[in-house]
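First comes the structure, then the notes that go with it.
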Amino acid sequence: MCCSGFLKIMMFIFNGGIFLAGAAILGTGIWVKVDSGSLLGILDNVEGAPSELSQLASISYLLIAVGAVLVVIGFLGCCGAMRESRCMLLTFFSIVLIIFIIEVAGAVVLLVFKGLADQLLQDLEDGIRKDLTDNYGKDEGVTSLWNTTMEKLKCCGGKNYTDFDDSKFFTDNRFYPNTCCNESIADGDCNENRASAFMVEGCIDRIVQLIEDNAVIVAAVALGITALEIAAMVVSMVLYKNIGNKA
């Protein structure tokens, strides 16, 4: 009885962690979805972008799905322990095991195809330049989305200010967006000399830097969730066997 009570407490702790992690990921996915002025919106509009990167525009749905699954798993584990239901515990174990296998497979795929990252970024850079040439200053929606992204990230174009050279905005006005001079609109026009002097970082490099800066946090969260899943699977099977012995 004491052992069973201890196992239930451990199940509540581990699954509570999974539930909270799922809720956090779910909330992040919803936030990304409603944040229309993000780089994900631009990726969705870049015609020349590789399909692998264009699919990032749907990452909000992936986060929502993953978060929802983790929330359900956390609830299922707690409920199975509380009701001492072998069926629910076995279902919980099976689902978590499948997810764990998918996570391992995903990690292997990322390692194997790591060398494709540079090529994907080059393709994205070419696609962004084409998008700016065709639409910036011509399509109000694309122009507004780019302005919002550049202001938020403090960046200029895909690679740098030269991405705007053939755009309608530059050919009509003969100056660049003010973010390319690291200034606000009230500070005057951003001509070629000023843009060249400031040489504001491109948005692609800025995004890569943000990812690298937060890679440790992302890896820590992923490892934490994986550890919780493994611990929960072990405890659920021990509790499953313990309940069977009492029957």
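Here the Cβ of each residue, glycine as well, is placed from N, Cα and C on the backbone.
Annotated features, as they stand in TrEMBL:
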TRANSMEM  12-32  transmembrane segment
TRANSMEM  59-82  transmembrane segment
TRANSMEM  89-113  transmembrane segment
DISULFID  Cys155-Cys190  disulfide bond
DISULFID  Cys156-Cys180  disulfide bond
TRANSMEM  215-240  transmembrane segment
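Feature map: TrEMBL annotations on the structure.
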{"residue": "Cys155", "record": "disulfide bond", "CB count, 10 Å": "24"}
{"residue": "Cys156", "record": "disulfide bond", "CB count, 10 Å": "29"}
{"residue": "Cys180", "record": "disulfide bond", "CB count, 10 Å": "27"}
{"residue": "Cys190", "record": "disulfide bond", "CB count, 10 Å": "24"}
Rounded to the nearest Å - Cα separation of Cys155 (disulfide bond) and Cys180 (disulfide bond): 7
When counting Cβ pairs under 8 Å to the transmembrane segment (12-32), the leader among 59-82, 89-113, 215-240: 59-82
Between Cys190 (disulfide bond) and Cys156 (disulfide bond): CA-CA distance (Å): 12
Pairwise CA distance, Cys180 (disulfide bond) versus Cys190 (disulfide bond), rounded so that it is a whole Å: 7
